[in-house]
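The feature active site, proton donor/acceptor is assigned by Swiss-Prot to Tyr116, with similarity to another entry given as support. For Ser210, the entry in Swiss-Prot reads 2,3-didehydroalanine (Ser). Summarising the annotation, Swiss-Prot assigns (E)-cinnamate binding site to Asn267, Gln355, Arg361, Asn391, Lys463, Glu491, Asn494 and lists similarity to another entry as the type of evidence.
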Amino acid sequence: METVAAAITKNNGYESFCVTNAKNNNMKVNSADPLNWGVAAEAMKGSHLDEVKRMVEEYRKPVVRLGGETLTISQVAAIAAHDHGVKVELSESARAGVKASSDWVMESMNKGTDSYGVTTGFGATSHRRTKQGGALQKELIRFLNAGIFGNGTESSHTLPHTATRAAMLVRINTLLQGYSGIRFEILEAITKLINNNVTPCLLRGTITASGDLVPLSYIAGLLTGRPNSKAHGTSGEILNAKEAFQSAEINDGFFELQPKEGLALVNGTAVGSGLASIVLFEANILAVLSEVLSAIFAEVMQGKPEFTDHLTHKLKHHPGQIEAAAIMEHILDGSAYVKAAKKLHEMDPLQKPKQDRYALRTSPQWLGPLIEVIRFSTKSIEREINSVNDNPLIDVSRNKALHGGNFQGTPIGVSMDNTRLALASIGKLLFAQFSELVNDFYNNGLPSNLSASRNPSLDYGFKGSEIAMASYCSELQYLANPVTTHVQSAEQHNQDVNSLGLISSRKTYEAIEILQLMSSTFLIALCQAVDLRHLEENLKNSVKNIVSQVAKRTLTTGVNGELHPSRFCEKDLLRVVDREHVFAYIDDPCSATYPLMQKLRQVLVDHALVNGESEKNLNTSIFQKIATFEDELKTLLPKEVESTRAAYESGNPTVPNKINGCRSYPLYRFVRQELGTGLLTGEKVISPGEECDKLFTAICQGKIIDPLLQCLGDWNGAPLPIS
């Protein structure tokens with residue numbers, strides 16, 4: 001009996017979703033796993049992070065070798081994104097199978113066999129008959145060219161360049177399996193279009209039911225030289241069909257379609273699944289990013305790290321949650337922020353909340369199921385891009401054409417709807433965390449709006465960014481509404497149920513872009529918070545030094561040099577500095593209306609009240625020392641605060657930045673050093689949006705991947721032991 005693991009065949013080092021008979025290249029049923037559930041389960045083994053690392057490694061390879069069974073979403077994303085460099089190679093071993101199905105169609109037609117789409121009309125009009133097979137294919141492409149370019153208008157209704165390249169790759173992969181009845185030379189021509197960066201213009205208008213008929217017909221139109229065909233050249237210029245062929249180095253002229261070939265080109269789900277592949281590559285990266293951002297959020301918010309304890313998550317059983325918690329635990333383990341926060345939490349514990357708010361404390365429980373959804377969708381789309389989606393299917397071994405419905409793109413529509421829901425929920429978490437971060441009622445001492453200027457009345461920090469985040473989140477949540485519940489009966493009620501796969505993919509692509517906007521804004525805010533914690537530590541250090549100096553100078557001795565009762569106040573005065581949030585008073589540290597001076601005075605008053613009879617003696621009265629202490633503090637403290645700020649701004653702070661020794665440092669370094677962003681203040685000209693723009697562009701270009709993975713480079717794939 002063959003095991004499930006053995007059922008996953010290997011090709012070029014990648015797992016195949018098909019089990020093949022090497023002798024005749026026909027599908028066979030695996031007796032150990034006849035329904036493919038075992039193969040699906042096997043594909044989910046290992047951690048999500050390891051899978052993302054494999055995806056990134058695969059994405060960066062210079063060649064994609066197509067054989068019909070081992071295409072991955074990362075390969076699709078690579079071809080889609082890399083206009084130059086990554087090349088497609090076709091497996092020569094597939095040529096014989098492709099030719100056999102093509103020959104079968106011609107022989108069948110010559111014998112007078114009645115076959116759908118070869119001798120019949122299409123869809124609801126399949127009762128019509130013709131013997132003009134080539135003319136029928138030509139008409140198929142003509143009537144499916146029903147899209148609208150919108151020439152002369154501001155809006156363009158062509159699909160993105162990346163989506164078209166992805167669609168061409170996926171369609172080639174499907175056709176290579178030899179069940180479609182098309183010449184190998186046509187697949188080679190499409191490959192040349194990809195490799196020479198010539199991209200047909202595809203239009204909207206598909207319900208992904210009998211495949212993506214309308215957009216795919218524009219690829220067929222270009223291959224056959226239709227006069228309305230357009231393509232983008234290597235520099236983005238618009239080309240007609242003849243120019244496109246010249247640019248792609250296709251030298252044999254336009255194709256005269258043989259029977260079934262037009263149908264083979266258009267009757268597939270490649271546009272929806274191609275775009276879905278691009279979406280899911282990005283979604284997987286954003287999912288890992290959200291885990292690391294949540295950990296950094298816990299660091300700058302001085303959160304309690306016990307929310308990542310493995311026992312909590314082990315008892316919940318969900319693998320996505322367990323992994324999310326373990327990743328956050330890894331980031332927080334040994335973090336200087338966590339160590340400092342622990343000391344703060346031990347100070348007056350009964351006067352502080354026992355636990356953090358949900359956006360921090362339940363982030364693993366929130367993200368875990370979303371990661372599972374994205375991962376399952378990834379595997380579903382990976383199966384789809386390795387599927388044969390034609391109708392009819394040409395079964396050469398049994399000498400028959402099978403009429404079915406593999407063109408129904410339900411796996412795409414459902415996977416994309418689910419992915420969009422997951423993206424919206426990730427966005428909601430980031431927004432909740434962002435809202436806590438900028439609110440001084442919740443953020444454990446950071447300034448309101450993360451303002452960093454000397455004068456908070458002229459610096460409103462991330463207030464505009466919070467409004468933008470609310471806008472992004474609202475739009476993202478609107479997009480989370482399902483597409484697949486909006487099916488309309490089409491094509492004379494023949495296509496009465498249809499998947500809407502491409503529409504759902506397009507909406508999910510929009511959701512990806514919005515989540516990238518949110519992730520960019522949030523990470524810039526987190527870096528601002530990191531720098532503010534650094535500034536806070538330096539300022540507090542300076543305030544403590546000055547308070548200590550002034551206390552020693554003014555409170556230790558009396559007028560005649562004798563030891564004074566007020567000498568015992570210093571410890572309590574420094575405790576006030578430790579307890580007070582620096583940014584609550586630092587813009588005017590000696591103001592009588594701010595908490596620092598009020599509470600320092602209260603310490604002296606409290607000591608005076610217990611000084612008893614000694615207060616009646618001017619030489620031993622603590623009350624008499626208060627004015628002297630405050631006057632000297634007012635003289636020294638503002639100067640020291642300004643000096644500390646100046647040293648910080650010049651890059652010479654007394655206390656180094658804690659982030660430098662943390663596992664989250666690679667992301668911070670990337671944002672600050674590689675992208676050249678800095679601490680935002682109202683005193684500077686640069687706006688928050690300009691800094692967010694730099695990071696957004698970097699995320700879209702994939703530049704954040706390496707620093708993100710570096711944060712987790714030494715994670716062993718397991719939670720810390722329960723101790």
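Quick reminder: no glycine exception, Cβ is built from N, Cα and C everywhere.
Recorded features from Swiss-Prot, shown on the structure.
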{"residue": "Tyr116", "record": "active site, proton donor/acceptor", "contacts (Cβ under 8 Å, 6+ apart)": "Ser126, Asn391, Pro392, Ala401, His403"}
{"residue": "Asn267", "record": "(E)-cinnamate binding site", "contacts (Cβ under 8 Å, 6+ apart)": "Gly117, Ser210, Gly211, Leu213, Leu216, Asn389, Asp390, Asn391, Phe407"}
{"residue": "Gln355", "record": "(E)-cinnamate binding site", "contacts (Cβ under 8 Å, 6+ apart)": "Lys304, Arg361"}
{"residue": "Lys463", "record": "(E)-cinnamate binding site", "contacts (Cβ under 8 Å, 6+ apart)": "Val438, Asn449"}
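If you draw a 10 Å sphere around the CB of Arg361 ((E)-cinnamate binding site), it holds 17 other CB atoms from the protein chains shown. The 10 Å shell around the Cβ of Asn391 ((E)-cinnamate binding site) contains 21 further Cβ atoms across the protein chains shown.
Taken residue by residue with DSSP, Arg361 ((E)-cinnamate binding site) is part of a helix. The Cβ neighbour count for Ser210 (2,3-didehydroalanine (Ser)), using a 10 Å radius over every protein chain in view, is 25. In the three-state DSSP scheme, Tyr116 (active site, proton donor/acceptor) is classed as coil.
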